[in-house]
Amino acid sequence: MKLRIPRKVTRSINRFFNIVLGALAMLTVALVSAFITMRLAIHGHEVKVPDLTRLTLSEASKQTSSLGLVLSLENRFYSPNTPPGRVLAQSPAPGLTVRREWPVRVTESLGAQQVAIPDLLGQTERTATINIRRLGLELGAVSHIAAPGEPGVIIAQTPTPNAIGVDRPRVSLLLSDPESTNSAEAFVMPSLAGLTLTAAAARAASAGLHIASAEDLNLNSTSDSAPLTSQSPPSATTPSFTEPIAHTVSSIGTVIAQTPPAGHRVVKGDPVHITLTD
C-alpha cells in the first residue's frame, strides 16, 4: 500500500527548500563579492616605490607625491661620486610594493667634503657650537666625563681636527666635568703576592681595603673560603647555629692570587679576595 503525501504538503516542502537554496546562493554571492571588493581595495592602495637616486630633493618630492607617498629627509652625507643636493640613498628600496602614504626616507648628498674639521679642543661648549655652525657643520652628541683640569671644556671630539674623508658634517664633543669627592679615593690596587695573611691584611687595611675572604689551597677541597676573623678556630663548646663554622686558614701561607688584580682601579672600602698556599 503506497503512502500518498498530500499535494499541499509537497508544495510546502518544495517551497522551503527553494527558499533555503536561494538564501545560500545569495550568501555565497555576497561573500565572493566582498572578497573581490576587499582585494581590489587593498591592491588599489598599493604602489611600487620609485627609484629616487641621483634626483634632486624637489624632483623626488614631486615623484613620491604623485604616487601618494611621503618623502622624508633622514640624513646628509658627503659623497665624492654624487653631486650635492641629490638623493644618495633611499629606504624602502626601489621596486618594493608599499601602501599609499608610506614614508620614503632619503639621504641627501653633500658632494665631496669641502669644509675642514675645526680644532675645538680647550673651547667651551658654547664657543664650539658657534664655530661648528659658522662652518655649516652640525653639532652631534655632547657627552661629559669627570676629568682633572678646568671643567666645562672640550677634551675630545669626533671627527678629530682636520680629519679628511669623514662621512657626514657632524661633530660630537666630549666635555670635562669636575671630579667628584669620591674619585679622589680611587687608587691602584697594590700587589699582595708573596705576603702572609697577616701582612696582606695589614697592607690592604693601610689602603682602606679589607680582606673579604681567604682561600687556602692546602685545605680540603670542600673548604671554599674563610673570612679574615677565622684565624683562630671557633670554640667547640659554644658553636654558632646562625652562621656556619669556617675552616681555619693557615697564617704561614703566602698569597699567590688576588681579586681585584694588582694595578686595577679600586676605591676605599672595596673587598679583596686572596688565595694562599704553603
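Going from the start of the chain as shown, residues are counted 1 onward.
From the backbone N, Cα and C atoms, a Cβ is placed for every residue, glycine too.
Copied over from TrEMBL, here are the features:
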type: COMPBIAS; residues: 225-242; note: compositional bias 'Low complexity'
type: DOMAIN; residues: 44-110; note: domain 'PASTA'
type: DOMAIN; residues: 111-177; note: domain 'PASTA'
type: DOMAIN; residues: 183-278; note: domain 'PASTA'
type: REGION; residues: 222-242; note: region 'Disordered'
Sort the residues of the domain 'PASTA' (44-110) into helix, strand and coil with DSSP and give the three counts.
11 helix, 28 strand, 28 coil
Any idea what the model's mean pLDDT is for the domain 'PASTA' (111-177)?
90
What DSSP reports for the domain 'PASTA' (111-177) is 10 helix, 24 strand, 33 coil
